[in-house]
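Here is the structure we will look at.
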Amino acid sequence: MDGAVLACTDGAVLPVSQVFDAIRELGNGGLEQWDPLVLTSASLLSKLPVDSSSVDFVILIWLSIDCPVDQLIQEILRVLKVDGTILIRKSSQSAVGSFDKIISSLENKLLLAGFTEPQVLQSAGIKAKKPSWKIGSSFALKKVIRSSPKMQIDFDSDLIDEDSFLTEEDLKKPQLPPGDCEIGSTRKACKNCTCGRAEEEEKVLKLGLTTEQIDNPQSACGNCGLGDAFRCSTCPYKGLPAFKLGEKVALSGNFLAADI
């Protein structure tokens, strides 16, 4: 039923003039050329005899004091097309004293049923629209995946030479400071020696040997480095441990120390 108008009432009779008055109230004068379907005693029907989503406008003209039942409003939502309009108004023969007393209840019923944009009319009526979405419908939210910003590398750009940051002072080879115990070409212990050189020199002096004899020991007979068992009585290395010729004689820390 394309471009159809459905008029319902809870009374036994519904004058067609009231239907057209309601159509004009909707601001659709062209609807007068249509043949509205009129249903009486609609409050007694469990289901409206109309296909789903087949009606553009539903006009409900009410006589009784009670508001339209929830089941009837749900049926009107079913038969209306998307963006279809429902108009509920008081009948001219209605026993309702003041429509304002039930208008708030009607508005709540329409919203709870799923209608949108309820609007109270001056002529003791209220209208609303069927939404374009289905009640209880759902859809998946698309998660926006944000990629990390890409770094643009310009291979044509000039590379910086790190050596250009070096000064002439940086390029000079560092010179190590002389040790505390080094004076000229010959190393001697300083006055306040803390490196152990003074103790070594003291041991050499007690033995009566020169520094050259300790650092580079030599032997005319070839037995000086073998130990006291092979040394002669006049050997300058008598009392020292065995050593290799040409290598510095290593003196132990307790050398020349008293046994008791």
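Cβ from N, Cα, C; glycine included.
Lifted from Swiss-Prot, the feature list:
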type	residues	note
BINDING	CYS181, CYS190, CYS193, CYS195	[2Fe-2S] cluster binding site
BINDING	CYS221, CYS224, CYS232, CYS235	[4Fe-4S] cluster binding site
REGION	1-142	region 'N-terminal SAM-like domain'
REGION	142-171	region 'Linker'
REGION	181-195	region 'Fe-S binding site A'
REGION	221-235	region 'Fe-S binding site B'
MOTIF	221-224	motif 'Cx2C motif 1'
MOTIF	232-235	motif 'Cx2C motif 2'
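Distribution of Swiss-Prot features across the structure.
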{"residue": "CYS190", "record": "[2Fe-2S] cluster binding site", "DSSP class": "coil"}
{"residue": "CYS195", "record": "[2Fe-2S] cluster binding site", "DSSP class": "coil"}
{"residue": "CYS221", "record": "[4Fe-4S] cluster binding site", "DSSP class": "coil"}
{"residue": "CYS232", "record": "[4Fe-4S] cluster binding site", "DSSP class": "coil"}
- Could you measure between CYS235 ([4Fe-4S] cluster binding site) and CYS195 ([2Fe-2S] cluster binding site) for me? Cα positions, answer in whole angstrom. 30
- Hey, for the [4Fe-4S] cluster site built from CYS221, CYS224, CYS232, CYS235, who else sits with CB inside 8 A of the CB center? SER219, ALA220, ASN223, PHE230, ARG231, THR234, TYR237, LYS238
- Task: Out of CYS221, CYS224, CYS232, point to the one nearest CYS193 ([2Fe-2S] cluster binding site) in space (Cα versus Cα); all of them are binding-site residues in the record.
- Result: CYS224
- Based on Cα distances to CYS190 ([2Fe-2S] cluster binding site), point out the closest of the binding-site residues CYS221, CYS224, CYS232. CYS224
- For CYS232 ([4Fe-4S] cluster binding site), which residues of its chain lie six or more apart in sequence with Cβ-Cβ distance below 8 Å? CYS221, ASN223
- Query: Given the binding-site residues CYS193, CYS195, CYS224, CYS235, which one has the fewest other C-beta atoms within 10 angstroms of its C-beta?
  - Reply: CYS195
